[in-house]
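What Swiss-Prot annotates here:
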- HIS15, ASP164, ALA165, LYS166, ARG230, PHE231, ASP239, ARG245, LYS246, ALA262, LYS266: ATP binding site (BINDING)
- ASP17: Mg(2+) binding site (BINDING)
- GLU43: K(+) binding site (BINDING)
- GLU56, GLN99, ASP239, LYS270: L-methionine binding site (BINDING)
- 99-109: region 'Flexible loop' (REGION)
Amino acid sequence: MAKHLFTSESVSEGHPDKIADQISDAVLDAILEQDPKARVACETYVKTGMVMVGGEITTSAWVDIEELTRETVREIGYVHSDMGFDANSCAVLNTIGKQSPDINQGVDKADPKEQGAGDQGIMFGYACNETEVLMPAPITYAHRLMERQAKVRKDGTLPWLRPDAKSQVTFQYEQGKIVGIDAVVLSTQHCDSISTPDLREAVMEEIIKPVLPSEWLNKETKYFINPTGRFVIGGPMGDCGLTGRKIIVDTYGGAARHGGGAFSGKDPSKVDRSAAYAARYVAKNIVAAGMADRCEIQLSYAIGVADPTSIMVETFGTEKVSHDIIIEAVRQFFDLRPYGLQEMLNLLQPIYKKTAAYGHFGREEFPWEATDKAALLREFAGIK
């Protein structure tokens, strides 16, 4: 594969599925603030004029679900009926129940260190040295375009923008290295008064150019800005939204495998979330240590069992030390039991709402992005 193209997409915080993710994680954070040992599995559905919050929650905390939901939608920017969705007037339905005692008996143990996994499943983590945050470039820059869209919308630079938007970036590779950007797609909701030519010029100048490195852009790069020409009806009025429906956007943009489990609304006892974060942490430290240029970790668990049922390390032929050394380092320096990874990454804190838009990985504010084990791994592997 001497030459190839690779594409990843992102969506804005105002995309219906991301509204749902943010509400679910806002509920999780509010509960963890009061009760760090709570069991939370919160799902959200949004559609024109309505939000439904459901799931299974066992906690001593009390949270005003309706007000929390409205505040989350308000922060995103849906504050007027002209946008098709209004935080102040939408209906909020609460259908939350309690976690099954059959699950509790497998997770909760007398010795917290032996806490079992909340479910069976497979989780993947990935890192590569393609960007400074050790993430694939296509998803990294797709997210940054969406972050920029939100910034210029909220600070008044482009006041006619609305919250719903999507981006997609296609990178050109030769011999596995980036040589340019082949195509950029950006669709953004807007008010009715802006013309398509004015919108396209403003998006190019205020969103695309400030984000994408000029050395990767050339006269052959193709731009598709609101290619249908009109995007006034958006958000929950245009499409219904559901928690957990943007799992590739949330992770590696398709550049790595995915176990299928979503993240938002789940407390750290759910290994769908916590073990995926731990797998990213392991992979990132391996790459940061110089043990490999690319690394993918797979973990698997059985419900009620503490130790992973399997650990897989894949370095795609880019390893700089023996594969056996890398595997031994993972086993020796990373505690991948549910309790161990919660402690290792300090996961029992209200940090999850911020993860629910613009990706869970490649953002240094999150503990699973630390490379604090890299020096230890280098020493173990004898890397100078």
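Here the Cβ of each residue, glycine as well, is placed from N, Cα and C on the backbone.
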LYS266 (ATP binding site) to the residue listed as 'K(+) binding site': how many Å between their Cα atoms?
9
Lowest local Cβ density among ARG230, LYS266, which the record lists as binding-site residues, within 10 Å:
ARG230
Neighbour-count leader, CB within 10 A, binding-site residues: ASP17, ASP239:
ASP17
Pop the Cα-Cα gap between the residue listed as 'Mg(2+) binding site' and ALA165 (ATP binding site) into the table, whole Å please.
12
Rounded Cα-Cα span from HIS15 (ATP binding site) to GLU56 (L-methionine binding site), Å:
25
C-alpha spacing of ASP17 (Mg(2+) binding site) relative to ASP239 (ATP binding site), in angstrom:
9
Taking the residue listed as 'Mg(2+) binding site' as the reference, which of GLU43, ARG230, LYS270 (the binding-site residues) have a CA within 10 A of its CA?
none
Reported as an integer number of Å, what is the Cα distance between LYS246 (ATP binding site) and GLU43 (K(+) binding site)?
13
Can you check what DSSP calls ASP17 (Mg(2+) binding site), collapsed to helix, strand or coil?
helix
What is the maximum Cα to Cα distance, in Å and rounded to a whole number, among the residues HIS15, ASP164, ALA165, LYS166, ARG230, PHE231, ASP239, ARG245, LYS246, ALA262, LYS266 annotated as binding ATP?
36
Sparsest-packed among the binding-site residues, when each Cβ's other Cβ atoms within 10 Å are tallied, from GLU43, GLU56:
GLU56
So for HIS15 (ATP binding site), how many other CB atoms are inside 10 Å of its CB?
28
